[in-house]
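As written in TrEMBL, here are the features:
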type     : residues  : note
DOMAIN   : B:28-388  : domain 'Ammonium transporter AmtB-like'
TRANSMEM : B:12-31   : transmembrane segment
TRANSMEM : B:43-63   : transmembrane segment
TRANSMEM : B:70-91   : transmembrane segment
TRANSMEM : B:166-185 : transmembrane segment
TRANSMEM : B:205-221 : transmembrane segment
TRANSMEM : B:241-259 : transmembrane segment
TRANSMEM : B:271-291 : transmembrane segment
TRANSMEM : B:297-318 : transmembrane segment
TRANSMEM : B:330-349 : transmembrane segment
TRANSMEM : B:355-384 : transmembrane segment
Amino acid sequence: MGSKYPRSVRGCLPLWTLMLEAVFILIFFFFTNYDSSSQKIMGTHQAVFRDVTIMAALGLGFLNSSLWRYGWSSVAFNLFMLALGVQWAVLLDGWLDQLSFGKVVIELSSIQQATMSAMSVLISAGAVMGKTNLVQMVLMVLMEVTAFGTLRMINKQYLNEDDHESMMQIHVFAAYFGLAASWCLSRPLPKGVKKKEKRTTIPSLFAMLGTLFLWIFWPSFNSALLDIPYQKKNAVCNTYYALAASTVTAISASALAHPQGKINMTHIHNAVLAGGVAVGASCHLISSLWIAMVLGLVAGLISIGGAKCLPVCFNRVLGIHDTCGVHYTFGLPGLLGGITYLAIFFAAWSKNAMLGFLVLIGTGTVTLSVAMGLVSGLLTGLLLNLKIWRAPHVAKYFDDQAFWEFPHLAVGF
Amino acid sequence: MGSKYPRSVRGCLPLWTLMLEAVFILIFFFFTNYDSSSQKIMGTHQAVFRDVTIMAALGLGFLNSSLWRYGWSSVAFNLFMLALGVQWAVLLDGWLDQLSFGKVVIELSSIQQATMSAMSVLISAGAVMGKTNLVQMVLMVLMEVTAFGTLRMINKQYLNEDDHESMMQIHVFAAYFGLAASWCLSRPLPKGVKKKEKRTTIPSLFAMLGTLFLWIFWPSFNSALLDIPYQKKNAVCNTYYALAASTVTAISASALAHPQGKINMTHIHNAVLAGGVAVGASCHLISSLWIAMVLGLVAGLISIGGAKCLPVCFNRVLGIHDTCGVHYTFGLPGLLGGITYLAIFFAAWSKNAMLGFLVLIGTGTVTLSVAMGLVSGLLTGLLLNLKIWRAPHVAKYFDDQAFWEFPHLAVGF
Amino acid sequence: MGSKYPRSVRGCLPLWTLMLEAVFILIFFFFTNYDSSSQKIMGTHQAVFRDVTIMAALGLGFLNSSLWRYGWSSVAFNLFMLALGVQWAVLLDGWLDQLSFGKVVIELSSIQQATMSAMSVLISAGAVMGKTNLVQMVLMVLMEVTAFGTLRMINKQYLNEDDHESMMQIHVFAAYFGLAASWCLSRPLPKGVKKKEKRTTIPSLFAMLGTLFLWIFWPSFNSALLDIPYQKKNAVCNTYYALAASTVTAISASALAHPQGKINMTHIHNAVLAGGVAVGASCHLISSLWIAMVLGLVAGLISIGGAKCLPVCFNRVLGIHDTCGVHYTFGLPGLLGGITYLAIFFAAWSKNAMLGFLVLIGTGTVTLSVAMGLVSGLLTGLLLNLKIWRAPHVAKYFDDQAFWEFPHLAVGF
């Protein structure tokens, strides 16, 4: 306890974040405006905004809370990153939309999109969780929101995608960003630290709570940026059935993958959501429920397969440590979603002369997301490795006591 | 540990469920359609759908999670059954609606009704919880959704009930289905197993979370299938006040029933909801708040009374083991609701010449629900008793370790 | 265990509450009416109502659940008080609105306002939590709902405030009511009891869950009683950004305030909400996001400052015991909100001849809320001190076992 770590946070964190908050306030003072002429009644809009906030604060907050001694940090740091990310994203999105540093008009819809953009950080955080301090998190928020905003801007400006399609790159982008950042931060874990990665009963129930929130509100997330009524309806129905199929598949496949037929709770937390990720990009275009269900089934299998194989093959070989499995939760199903999107495009436009061009663009989008995620993640990871942030010592990984004042020093609960 | 049980699940479960999932996909491929001409804006509709899903996945999932060592299973299996039930119910409802095996047109409203139908399984599961494996659960989902769909069809086709009224039979039907199935599965519990039925502090808080979700969203559930604005409003207000009255009553009556005036948490989990169940069938017809409050008061008393007496008198005599008390949570208040519905009918139509006929129909509805629940529950229970499902050995009842891979074998938390 | 306390509750509680419930039903029978002519479609309205109920039952219920051995009571008693308060508030509000004991017409909107009024009790309860029994809670509900209803009536009738503005006095009123009541009930705590005030990991996660629910739905709360679309939009956006700013500030300031830079979880539970409280009264009038963010920043600092200083300076000197810190959660940020409201008024009307008069009224509103809270709180506290309620003995403070039947007498979890 004590050691030299805690003092460093005290020296760094409040200084940095309060300054940053002051800078934000100044920028908002000079560069933002309300549009007070709008008389739109906003019942539905507010509901969608609320749903997205629930997913970000409750869903992603608790999803990663299953580590034995890292529950407080995962939930509270998640809220901290969300609060910071939303402030930065709304500015950045405004500037990138108009491609200049002019006044940004704040609408409820822009705050909603900012919340969704900030979710990219919350997803990536699952890969580096427990290995960084709050100052590093602040830096990661700024870097990732900027990178994701740029990716969305490129998609919209140069690849002619709409808000929905460019947002749905979030899973792939965030997963590979997190993996790349985690690769830079990975160190061999001492034995005592490995023990802290264990999951136990009650924290797993909290994680299940997060999973359920995500599961329930995923249809809202996938349909949040769609405007045409029947597309919105299709998005909701397809997402729901894809989730249902991936839930059934994930639980069965998890039992199949264990030599004694036992289900792995950590896999379930993540794999039941695979259907929602996979169906994301194309949920409004899929014209039959069975396609969504096939996608959900395949996504569930891939996710469980990834959960079994990736830690052994991929992570160990490359030396990546992916704390909460974002690779198989968001990365692989997201890639599947990208391929599906391409296939649907292919089927729908197969009579089109410009097909080659369109497929090229489609492939480009997915590749771009992965590449952008990897490059910006690497860059961020290298920055986070600098000594000035005073990262927690590896012996203090996955431990709430490095950050939190405990009323007593009892172990765990 | 180990023994011969786990292997059986591995052999059975993935095979069965993945095959079933494939069959579902095939049926959806051949028999379903989207109606893509609809241009309805669906803000409110989506909100109601979301509320119902929250009740099913979060509310009923956590309601039964208070068993000391069965928290993981109760929450995860609940989601599994919901995901499976929704897929089957939407097909079945479509076919039963048109009384033929034609194409089913999928709407958001049909998925919402399917979710509500699938909730019948989640309610019944409370009675057999901890005594079945997942394969048996799959069978129960298929059987119960079919039985409940048939009951609703009979009510609508032959007894002239609307969607709302036929859906509100869910509580009575599901409770007696669960009890009948549980009767077939009941075996004398060894002493070590009885210990596992204990409730402890933290799991009880999770169960309270489930209760609160149900409490909050019950007005949405009761008004979900009503279309006329003032009926919808009355349904919401009546349900809310019935719940409020039953909450006050349940906590007081629980203190009254204990010799030292102590409140029983397990009773509270269930009895505060009794008002919502009792007011279900007639919530749109009740024209004064005080009637709803009287109903809530009586339902709370009956529920606490049932919780104290049923385990001693009824269950022990008949040899039924009702793990989570569905009889006094849903069964008895549901019967009270049926009687109230009849009484309101009686009062409103007392000048009507056809009164006798109408009361006959009303009585028939309730009786039919109970009878259908008992018969189909018995049938399902007998099926579940077959050796081929390799039910868990009685020594493994109420134990997560029979199904889940634990990171370590520490007891409990 | 045993002692003379438990019997007293059994003698008192059921008698009182069931009688009270019967009286309520009688009053509703004679004095309320539905307006069944209304044909308003109520999608949005129902959503707002639901959000407010979530805040009351889930948010405030779990917010105070972090005490080591008082989790059951805090959640269940919260629901009990809500259920009771809503029944009384809807009547009282109706009578005070028409200033006579005539028939009250029940609308969904009146039930929603009743829920919000009842939240005043749930806020105050944080200060006396663990030191009262349920009978005392019943009395407190009746007293506080009456006092708050009167305050709102005065504000509306004599100070020309609208529903929103008079409701936003809730934080200041409830905080000082709770403090005054707690002052009357405060006794020196024996050492064994102090230990029970500790917070531990898992209960703190439940409290975090409550905090998150409040955080997410606070924009709904602040905009619930606003009708003009652009005001509603401004209220939602301002509240969200004030919360974001106070979250960032609170976490940083908590680290700054600890000598080793460690964050205090109990402070976080409360301080991240300070922004929402502070922005309450003026959220619809603030015309730029940066003002809301400044408010959030200042509120976060004040709240953390209060959390550090108040227990040492204020509470110890005055002998107040504020179990869950309502003073720095709701009281101080609420005062800041009152001052802000005044300042905005001042800025907007600075050319107005009647300025002096308006500022006088504004100051009067805040002073009135504090004074009314203190006086009615004192009165209630004195009443609660009477022997006839058989308050729990100080050795049984903060202990679930005084009220709940435990399946076993194991310590804690």
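Cβ atoms are placed via backbone N, Cα and C, with glycine included.
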Stretch of maximal Cβ-Cβ contact with the transmembrane segment (B:12-31) [cut-off: under 8 Å; candidates B:43-63, B:70-91, B:166-185, B:330-349, B:355-384]: B:70-91
Two-stretch contact, the transmembrane segment (B:43-63) and the transmembrane segment (B:205-221), at least three Cβ pairs under 8 Å: yes
Remote residues contacting the transmembrane segment (B:166-185) - C-beta distance under 8 A, at least 6 residues beyond either end: 113, 116-117, 119-121, 123-128, 131-132, 140, 144, 147-148, 151-152, 155-156, 222, 225, 277, 280-281, 318-323, 326-327, 329-331, 333-335, 337-338, 365-366, 369-370, 372-378, 380-382, 384-385, 391
Tertiary contacts of the transmembrane segment (B:355-384) (same chain, 6+ residues out, Cβ under 8 Å): 124, 128, 132, 136, 139-140, 143-144, 147, 150-151, 154-155, 159-161, 165, 169, 172-185, 335, 338-339, 341-342, 345-346, 349, 391
Dominant neighbour of the transmembrane segment (B:297-318) in B:205-221, B:241-259, B:271-291, B:330-349, by Cβ pairs under 8 Å: B:241-259
Within-chain partners of the transmembrane segment (B:241-259) [C-beta distance under 8 Å, separation at least 6 from its ends]: 215, 218-219, 267-268, 271-276, 278-279, 283, 289, 292-297, 299-301, 303-305, 308
Mean predicted confidence [pLDDT] for the domain 'Ammonium transporter AmtB-like' (B:28-388): 90
Chain residues in Cβ proximity to the transmembrane segment (B:271-291) (below 8 Å; excluding those fewer than six residues from its ends, i.e. six or more beyond): 164-165, 168-169, 171, 211, 214-215, 218-219, 221-223, 226, 228, 231-232, 234-235, 237-239, 241-247, 249-251, 253-254, 298-300, 302-304, 307, 328-330, 332-334, 336-338, 340-341, 344, 348
Residues from the same chain, set at least six apart from the ends of the transmembrane segment (B:70-91), whose C-beta lies under 8 A from its own: 17, 20, 24, 27-28, 31-32, 56-57, 60-62, 64, 104, 106, 110-111, 113-115, 117-119, 121-122, 125, 129-130, 134, 137-138, 140-142, 145-146, 149, 196, 203, 206, 398-400, 403-404
